[in-house]
């Protein structure tokens, strides 16, 4: 569906075509703008009131004291940044303190530091202090080394980036403000540079700005006239000593104001003179420029946002659980301390055999007992937990790096996990924010179909043969050989006019290089159309200021160009008026069907059939343009030309005057046909989006591209479908304002919380398409403040004293409005934000994180995506055609958007399941281990004595129970990767956090309590009044410790076996090996030989061999293990049988699914005959090169007789592969 755009003169709505860079404006600037507009300056080159001064070729100037600013305490540094960009977190000085700060933000590390301090006090500790110090240092050290390695990888990548461009062997990082630099063709711009001169006429310079704004069309820049004339030689550049005065560094990509002082003259500077960092020099052999802003001061870095330390939801949850455990621990220890005080007062002090020679009171002994139990029960939070988590995350990252199904062979690009701390978060993503250009699309336009004279071409399966045309592009393909036959016959006049129009009506510029023609297109669309005309025999050869030369089926003709009516976003069309060699005057026009059909002559033919073809093209999501012409008499043209001349020299509202004059001539047009261009998506994009949608992941597209283009791609990638109701910015604003008005009319002003009312009450699907201007309007950003000031001054709007205008009256209402917007957007099946700035992209991500508390992922490939990549919980960089800026700032990187489904649905889901299973079991096994001390305290007078042998306590988490659970965290999988992708619903538990939360934590706690009860009391009961085979009672403390420890080891290792879904040889070896290691180590450390060597450290001499030779004790161990595991087996059986989860259902039929053939690909959503949208128009560029062509500044000289061209004409790289 299509909507007419509101007239910006009569409406208060923002311009949909403008990217609203207003992030750096302040209220002072707005008021200043108001004053400036009231008093117009009379001197155009007035010195700006800015403090940024640049002295050319003078580095010492930037180091003067007046340019110093305070950086830390009394230290000062220059306000001029160097060009080195920091892509790492640490340096030599900050590594140790910053890394320790990050690690001690983990509650468990702080807990063990406090425990270490307690163990130093001899009256409290029952264990030596080094038993805690050594593991703590080991944990901190391993984590620090891992973080350092990660950071060095980032640092190295940043270093390589700095070497992409060299000028006199200087790296990017060595460039400073005030330097004069020289750049070559296809170089990236290393800083924000004032263009001084180039090898092109009038110091023109063509740049590709895809990394800045996502637009792939070339833009031209031009050096000041004075520098073009005087700074062409190296000696002149070396002697250049101007002073530049300009605005302070800011993030406004659409604005630059400055003045150049040189030789007592002042020259104005604006954005057309600037080459911004991140752009790429194209079709210009060489240019020279002056560095104005460097490094962090450049506009693209100002839009980049801050580097954030990212942590997963599970990390935060673990912290809170550690706090919970600590609270439980304190309560338990307090209870046991009270028990010890009571016991000592009633029993201990009266028993002469318990007298220890101290006269401490019962209360003081209870106080010491409290701290003793804090140390004894410390293993409820084992320090090995975080080391194990880091090992698992490292392993998961390696699996991502090694995944050959995410390897892009065409560019030799593997997937890369650039961080090792966020893997399980990949299994919890709820919202994906994606860039469009280069992320969803390939930035390649292809001429796919056309309709000429009511007949559609391009539907055939036969590939057209262009071998007859020596100028044809070898890469060009068109599936309809009949069109070639018709052209070669030259019998169809409309067909000849169709391709003649394509070769003449454009702003493409051409130049000869090495005998070949190179096209410079203002957009990839125009490049594709002119290339198509060339392949079909109509070759654009050259142009001058007032003529165009083409080869028409081998015949060369030159047409006089009388006027070029350029494209803009309001007109949505462009025209050219030509005088034919025979003297006829004809207007050719191409544009959107919505504007062309309004201007057609009533007698024009083929309107219905062409409209039907356009509907078909729209259903196939092709980008369409209508082509038409009009013959003009000499008298009519002369009359119109006079009006055109008057409008072109108007002193005010020149653009509006020209548009009005254009309207006069662009009437009564005769329709020829229409073109259909495909903006190629990356492979697998629609399938990936559909699969992620089934996993209940919402995808928002945030792009700087035009609204029509973004909407068209939305349909192409099946994010938008024909059954969706689309709402635009004005609709959203109306709904939000209406809700705010209703809220104000409520008695409490809407401040009491109540059930939310949905914005959309119907059952159908909804989609939201909103531009950056409307986004600022809806969220009440500063651009709106500027507009209100202007309207207030013009008397068109009263001062906002009455809040009944639908706008927020205070910050509370503004926050509610933002929340309402997020709620409305989240009710939609699809959201597309277009013409948005990099900062707006980040703000949208922040709003969803803030109001939905959702896990977000941002994916992009350009520098304009860096801010949102840093803002999201997970940032993914596409190593595509827009440089490596996004990859450098990302957490994960790969080459194609389609790999995202595997990253999330396979690696992310597996990582989440593994981590949750690991944590649940880790807490369980430590509760079961530690709480035995609690039950034992009831029989030892609450004296903080341990129930196990000291060495068993030391080795339990290191050797006896760590490896099986670690392998589950690394290797376990409920279903294989194929089934994970086949059943996206398996992803839902991760989004809900269902596998690890407080409920699971308390289940693990109570499971551990149950197991510890069984482990303690069954051996205790078995040991009462028991006699061994040798007539001796085995019911001593040491034999009891061996039996409980043996039972514990077998239970925890068999329990993890029950929880393992994916068995390998390594898992079997780990479980059986852990049990074997336990018995082997126990027999060794309880042998007589080691006791002789270390009598004080090994006191359980011969206990193991003496106890475990008793069959009665083996029966006790077996009984303990059986009673502990039997309830778990029963519960698991009942749950899988009666209340199976989605995963259980898939596992039940896993063999069946694995034997089935691959699911057939579903048919495309867009079938012929479906409901079509009004227009598929999506021309991807703004104003073209018409002014440049008409001025003659781009033309070196009128071409003389042209030599023979080579057998091929090549197109500039940007038209092929931007």
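Glycine too: its Cβ is placed from the backbone N, Cα and C atoms.
Here TrEMBL flags 1-45, 790-811, 1192-1218 as region 'Disordered'. The compositional bias 'Acidic residues' annotation in TrEMBL covers 13-39. The domain 'P-type ATPase N-terminal' annotation in TrEMBL covers 71-133. According to TrEMBL, the feature transmembrane segment maps to 127-145, 320-344, 364-389, 918-939, 951-971, 1001-1025, 1037-1056, 1063-1082, 1112-1134. Here TrEMBL flags 435, 436, 437, 526, 567, 590, 623, 703, 704, 705, 835, 841, 864, 865 as ATP binding site. The active site, 4-aspartylphosphate intermediate annotation in TrEMBL covers 435. Residues annotated as Mg(2+) binding site in TrEMBL: 435, 437, 861, 865. What TrEMBL records for 790-799 is compositional bias 'Basic residues'. Per TrEMBL, compositional bias 'Basic and acidic residues' is recorded for 1201-1210.
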Note to self: Does the transmembrane segment (1037-1056) come close to the transmembrane segment (1001-1025), meaning at least 3 CB pairs under 8 Å for residues 6 or more apart?
What the structure shows: yes
Next item on the list: Counting Cβ neighbours within 10 Å across all chains shown, tell me which of the binding-site residues 437, 864 comes out on top.
Entry: 864
Check: Near the transmembrane segment (1112-1134), which same-chain residues lie under 8 Å Cβ to Cβ, leaving out any that are not at least 6 residues past its ends?
Finding: 1007, 1010-1011, 1014-1015, 1018-1019, 1022, 1026, 1028-1029, 1034, 1039, 1043, 1046-1047, 1050-1051, 1054-1055, 1058
Note to self: Using Cβ atoms and a strict cutoff of less than 8 Å, what residues sit near the transmembrane segment (1063-1082) while being 6 or more residues removed from its termini?
What the structure shows: 951-952, 955, 959-964, 966-968, 971, 1042, 1045-1046, 1049-1050, 1053-1054, 1056-1057, 1104
Notebook entry, point to check: To which of the binding-site residues 435, 861 does the lowest count of other Cβ atoms within 10 Å belong?
Noted result: 435
Checklist line | Euclidean distance between Cα atoms of residue 623 (ATP binding site) and residue 861 (Mg(2+) binding site), Å | finding: 23
Next item on the list: Find the average pLDDT over the domain 'P-type ATPase N-terminal' (71-133) in the predicted model and report it.
Entry: 72
